[in-house]
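S.K.: From Swiss-Prot, for reference:
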ACT_SITE  Glu133  active site, proton donor/acceptor
BINDING   Lys107, Ser108, Thr109, Tyr110, Ala111, Arg112, Gln152, Tyr166, Gln176  dCTP binding site
Amino acid sequence: MGLKADNWIRKMALEHKMIEPFCEANIGKGVVSYGLSSYGYDIRVGREFKIFTNVNSTVVDPKNFVEENVVDFEGDVCIVPANSFTLARTIEYFKMPDDVLAICLGKSTYARCGIIVNVTPFEPGFEGHITIEISNTTPLPAKIYANEGIAQVLFLQGDEKCDTTYKDKKGKYQAQTGITLPRILK
């Protein structure tokens, strides 16, 4: 399994629409950087957020998630409350090749401010926006800047194709758009 370089990422984005929209340059002046890098792609966070709240005194249950757990927010800057959590989504829409797995790591700019980003792997055959989990681990409110970088995606190509892709197994988050809340197949 090999880590893919910028030339491969560029080709897959431009010729196979693996990343749309695709930013061929790495933009970093005056913003949290985003776009193509040497061995990855820095994704941007969109303007929509779902901020966890205790206003309704609910319990977070991944098997029975209720919308009252979150407050919808749209804007250029999202303030994540102290010791809190928000969901967001990428601006980019991904179409993963059948022999490629992508992993996502938070950007150091945010990590050094106590902002931890979690994204599960993009499985072979997955298509959709990426839902991003953002934790503010500090005792202070923290800003997240929409339309700027939030994490870096690394692409790993397998030595052979898998028997069953995410698309083949009809994954529960396949072709998701916007922010997708937890789902349990029934």
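The backbone N, Cα and C atoms fix where each Cβ goes, glycine too.
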S.K.: Counting other Cβ atoms within 10 Å of each Cβ, which of the recorded positions Glu133, Gln176 scores lowest?
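M.R.: Least crowded of the recorded positions Glu133, Gln176, by Cβ count within 10 Å, is Glu133.
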S.K.: Let me know the most crowded of the binding-site residues, choosing from Thr109, Gln152 and counting other Cβ atoms within 10 Å.
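M.R.: Highest number of other Cβ atoms within 10 Å: Gln152.
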S.K.: May I ask for the distance between Gln152 (dCTP binding site) and Glu133 (active site, proton donor/acceptor), taken between their Cα atoms and rounded to an integer number of Å?
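M.R.: Given the Cα positions, Gln152 (dCTP binding site) is 14 Å from Glu133 (active site, proton donor/acceptor).
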S.K.: Would you work out the biggest C-alpha to C-alpha distance among Lys107, Ser108, Thr109, Tyr110, Ala111, Arg112, Gln152, Tyr166, Gln176, the residues that bind dCTP according to the record, and give it in angstrom as a whole number?
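M.R.: Output for dCTP binders Lys107, Ser108, Thr109, Tyr110, Ala111, Arg112, Gln152, Tyr166, Gln176: max Cα distance 34 Å.
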S.K.: Distance between Ala111 (dCTP binding site) and Glu133 (active site, proton donor/acceptor) at the Cα atoms, whole Å?
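M.R.: Here the two Cα atoms are 13 Å apart.
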